[in-house]
């Protein structure tokens, strides 16, 4: 007998509320109000969303959706899932990460909520949203559950300057120490070199295997331009190559609008990478 898909597992006010909270917390609250509450809130609403999502996508498994979600959550929070996360992040555009914190498992106590909703949804008319197509919530939910944390680049692309250059990369066929030595030949000496901070390594453990270091240049003259307080991160990748991330710098020009900021970022990125490539090839 064919099992029908119940659209109201997604189209209900509890699901919608949890989805909105998840999106706001992961992409706004965590960064504006970093505290214990925002650190746990995504797990709280996520453990309610996941069983409802599974019951909708796999209607034959709706009776097992709650305990399957519990097992998946436990696996996600254990160190054993790290290799799977690393493999996933290598081949996908939407990356994910998590902190191994077994105290998060307390949210499993909330599983009776989705269990009740799945069991009684046909009778809960007051919760149903009847004028939407479930696809409008399905795809944002999948995205929200996968992208519960920023990509790894977020944790190593920070700058103290007022002009950030997020995801500004250059890959070269030299090791980090070779890059430092070659630039020193042109009197370009980094003012500070330090390992990536423990917070970033905790959030993205694989960065420890990539020997990630942060570099600071207080001043760099390129032609007629004097660049100040430049922040870089270098990561050692396979085959002796290094990924150089230009994180940002301090500028005195007007960057009061997104257009001005984007124009200046592209300009400095262009001249900086051109200069680095030129000197490393010599």
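Keep in mind that glycine also has a Cβ here, set from the backbone N, Cα and C atoms.
Some features that TrEMBL has for this protein:
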TRANSMEM  9-29  transmembrane segment
TRANSMEM  41-58  transmembrane segment
TRANSMEM  65-85  transmembrane segment
TRANSMEM  97-117  transmembrane segment
TRANSMEM  137-156  transmembrane segment
Remote residues contacting the transmembrane segment (41-58) - C-beta distance under 8 A, at least 6 residues beyond either end:
5-7, 9-10, 14-15, 18-19, 21-22, 25-26, 29-30, 65-66, 68-70, 72-73, 104, 107-108, 110-111, 113-115, 117-118, 134, 138, 141-142, 144-145, 148
By a Cβ-Cβ criterion of under 8 Å, what residues six or more beyond either terminus of the transmembrane segment (9-29) are in contact with it?
38, 41-42, 45-46, 48-49, 52-53, 55-56, 62, 113, 117-118, 121, 124, 127-130, 132, 134, 137-138, 140-141, 144-145, 147-149
